[in-house]
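Input: a single structure, listed below in structure tokens.
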């Protein structure tokens, strides 16, 4: 007798699990950056179009496959065709890579959370130098927030070639992050189902609190106007459309196998079409909502820096030219500078190198994404708020909830195929399988806590999943529509849910979505080829800024292996299945 498959306690638990997985750090730190880069409000046009033609259909497809086959990614695709087992294997490999480095972000969030209880915040001021005669030189050249991130948190090496040792503090935080994840996934859907209520809902509570605070900050309107002012010319930019499609694709977590795993624990009669629409709409709404919060804080930070710059220039000119206090204002500064330059040319030329060009627009134009936005830009804004410790604790608690929620999905994508395997599950209990997966990931993840760890983190973040996921989802759609058969799949869904599949889903699955994925795949391939030698950003302590360097040969080899190890699973497993099938036929022939 086959043991019964565990189920979600109710459909709401499944929806919360999908939201907790899909709504992640990308909604908070990637979407606002894309809005900033590609035309503010006008970026929403390609974003919403891509949600309709790509996001919703592909999400529905994965949920329907998981619910119909009632297995993890490997078993589900093997059921459709033995030659497609490699699609599931590729998904597990990509999820394994993702889990290895993604939990490091949670480790950093823990590190910042623990430091958020100090007064003053440790990243709000530069430390004194060894002689106690002034501030640390590296910190003065950079900024206190950059110094805390690059020197105190990462203790970053000057280049990828200088690995350095494991930093014990981030390493302990990584151990803690993996312990939390293990406790959340310990008993499968039983424990995950309870945790997702918190990981899915608490970030919204923090975002709402932050929105109220953000809108009351001085200069918040400058940031919001910058976000909502559409730059319509960006609609003609193909990169805006490519990035909109990519953001939808990766934000929903397509191709990792997590959605298939979650849906496999559903009742067969569950209305997965409705849930696909709900999850994709909530995910996109969260991105827009998080952008409003981010840009209000961005506006505050930009206005604060702009006004500080004006004060410094005004003070310099007032002291140099004995001007009356309060005479210089933002409105007359440029005019007075012009007058002083013509009236006192020699004196003005002496102070000219020290006069900064203050511009609110250029402050708002500084586009940052990823860890730079989360751990430098946000902390820069938080340190200037009143009761900064409270806002810091709330912010990093929210990052943790988002990160852990996504980790539950990532680990489910690995664990479900393993626990589905009769060979593995007959020898090891579920808790032991979960523990081994966490232990192996944690051990390999220690690479990211070394002095060069952040450079390896960027390699994994940039190359471990991009091309692989596009190929996986492309094969998935072709497999369902043309191998399993769209009509057969349609009749399966009707038998399961009692509802007919509308023409919209069929057109998207059979034609529009695959063509879109092929276009993205071609774009990324050509982009990699045209870029030439791949480069990375290294921290130069002597200048207090990032500098561009070429990747060494062994790093390029690792990048190649990352891409190949997952994508090659699909043809290699298919080839292996073909060979085994023919060998069996060959063995069986003489007996017959």
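Glycine is no exception: its Cβ is also placed from the backbone N, Cα and C atoms.
The annotation transmembrane segment is assigned in TrEMBL to 12-31, 43-61, 82-102, 168-186, 195-220, 240-265, 277-298, 393-415, 436-457, 463-486, 507-531, 551-575. According to TrEMBL, the feature Na(+) binding site maps to 22, 23, 27, 251, 283, 402, 406.
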Top partner of the transmembrane segment (82-102) among 168-186, 195-220, 240-265, 277-298, 463-486 - counted as Cβ pairs under 8 Å: 463-486
Ranked first among 12-31, 393-415, 436-457, 463-486, 551-575 for CB pairs under 8 angstroms with the transmembrane segment (240-265): 12-31
Seg_contact(the transmembrane segment (551-575), the transmembrane segment (436-457)) with at least 3 CB pairs under 8 angstroms, min sep 6: no
Intrachain residues whose Cβ lies under 8 Å of the transmembrane segment (393-415), provided they are six or more past its termini: 17, 20-25, 27-28, 72-73, 91-92, 95-96, 98-99, 102-103, 105-106, 109-110, 112-113, 116-117, 177, 180-181, 184-185, 188, 192, 195-196, 198-200, 202-203, 206-207, 209-210, 253, 256-262, 374, 378, 382, 433-434, 437-438
Chain residues in Cβ proximity to the transmembrane segment (507-531) (below 8 Å; excluding those fewer than six residues from its ends, i.e. six or more beyond): 50, 53-54, 56-58, 61, 242, 245-246, 249, 466-467, 470-471, 473-474, 477-478, 480-481, 486
Residues satisfying Cβ distance under 8 Å from residue 251 (Na(+) binding site), sequence separation of at least 6: 22, 24, 26, 27, 30, 31, 283, 287
CB-centroid shell, 8 A cutoff, Na(+) site 22, 23, 27, 251, 283, 402, 406, site residues removed: 19, 21, 24, 25, 26, 252, 253, 286, 287, 405
List of residues, in chain order, with Cβ under 8 A from that of residue 23 (Na(+) binding site) and at least 6 apart: 200, 203, 282, 283, 286, 402, 405
Contact ranking winner - 12-31, 43-61, 168-186, 436-457, 463-486 against the transmembrane segment (277-298), Cβ under 8 Å: 12-31
Neighbouring C-beta atoms (10 Å sphere around the C-beta of residue 402 (Na(+) binding site)): 29
For the transmembrane segment (436-457): best-contacting stretch of 43-61, 168-186, 463-486, by Cβ pairs under 8 Å: 168-186
Residue 406 (Na(+) binding site): tally of other CB atoms within 10 A of its CB: 27
Chain residues outside the transmembrane segment (43-61) and at least six past its termini with a C-beta under 8 angstroms from it: 34-35, 234-235, 240-241, 244-245, 247-249, 252, 254, 259, 272-273, 276-277, 279-280, 283-284, 288, 473, 476-477, 480, 505, 508-509, 512-513, 516-517
